[in-house]
């Protein structure tokens, strides 16, 4: 802990818990206390009670309880330190740092940096609003749609020439050396001279850096110059606009992501106060992890209407999907960004645009299809394969299955074909080298069984099971008008030839349906009997050439009957001391052997 017990105790007695919780829940007075519907679970009758005199809350519905610090940690996702700093700032309590240690020394440096940033922020805003040289920057902001209220709300400012800035900071007790340490000066050059200044704040509202924008033609440096990284400012972790959007994001579990600071501020100013932007870099996995910490379950991507914006949507969307965040892509008209769209069409049309957004998978498929001049079957197969390569990393197996079903519908291919390709990817990754062994049929199933990994569990798959899968696969992929396959299977095989319970179930269903309606049941109906099992994975692991379907089914039946005959003979010989004492059994085995010869 960085702060003394005395200062924390002072903070505790300064906190008005009703003032804190009242920003997040609708409190109603009930005698000396307050009540509300609990923010931690769904309810219609209020059972969430706040006790002002004790500085405590308790929900008699779900049992949640604690003080203001506990509430911020649970409801807003703050760490303990963040909650303490937030409350200290809100109630104007100066926290006293403990006696110097390595940790407290670093904390002391952070406090010093916060003070420098705050003084700079106040000075920049003063320059924009009060000095003649800030008039040109103010005019530029007005033309971009920034009102005085907006400028004041977001503490937007203007940085003058270096000598003016340095002199003003020295008057406030901040030396040139400290300005260099804080990232304002670099080799005696003021990074932000004659630029519009957008403060970068953390989730608690403390200014941790600046993003500056050039507004004059011919100005020094690039269009944007951001503060260098410091003890407080880490570009890869900062989500711009979080201090204004955190409350609504925590409540609604959704976020709107945009590219630039101006876009973000205008969105928030127009009431879309669940908007965030990356800072200084493009969105990264670290940013997405921060969204997950905030409890975000859905992200709307509202990037610029150009090729770069489309590319960003593809990349950020995949990062979010992998993290378990559902993505909605909202495409702006060509050449527009959220800022210009709001200025030209207003917030209502933007809400409609957000409502019309498409899920990320549909956007991804659309993007890939559009890259081909002609969408032939070969291109369709390529799109399916490329998309599956991404989808296989999106969340739980159940969600992946749902995405694959949607993919099959979007590109109009059988679900089983999509599942088959996914299984082939997994097989190639998990079991390289074993696939060829699994295709060989040897006399002794125990000696030649192969390890097959088709799911969470690993099971020994015998050659017999592989043969049974070959037969069932023919039934699955047989064309509706195909008579030879079901008729041949029905004539030569019976349920006892199938040792795998799942394959036997498919065989029985298929034959009953064929006998009754003279056609096979749908592939989906048959696959439902084995869904989620290793039998299914083995079934869809191999592709089948439908042009050679007749030859394949005949060979599969022949091998299965031959296997069945040899297994029965081996078992019989073992039981009878390798002598065929029973003429009746010998005759029956001979008849089965004849059947094999007839098929071949």
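Backbone N, Cα and C define each Cβ position, glycine as well.
Pulled from Swiss-Prot, these are the features on record:
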- 259, 304: Mg(2+) 1 binding site (BINDING)
- 304, 306: Mg(2+) 2 binding site (BINDING)
- 253-333: domain 'Toprim' (DOMAIN)
- 38-62: zinc finger (ZN_FING)
Next on the checklist: Using a 10 Å cut-off on CB atoms, tell me which of the binding-site residues 304, 306 is the least crowded.
Outcome noted: 306
Next on the checklist: Just to be sure I understand the packing, how many Cβ atoms besides its own are within 10 Å of the Cβ of residue 259 (Mg(2+) 1 binding site)?
Outcome noted: 21
Checklist outcome for this item: residue 306 (Mg(2+) 2 binding site) falls, by DSSP collapsed to helix, strand or coil, into coil
Checklist entry - Which numbers of helix, strand and coil residues does DSSP report for the zinc finger (38-62)? => result 0 helix, 8 strand, 17 coil
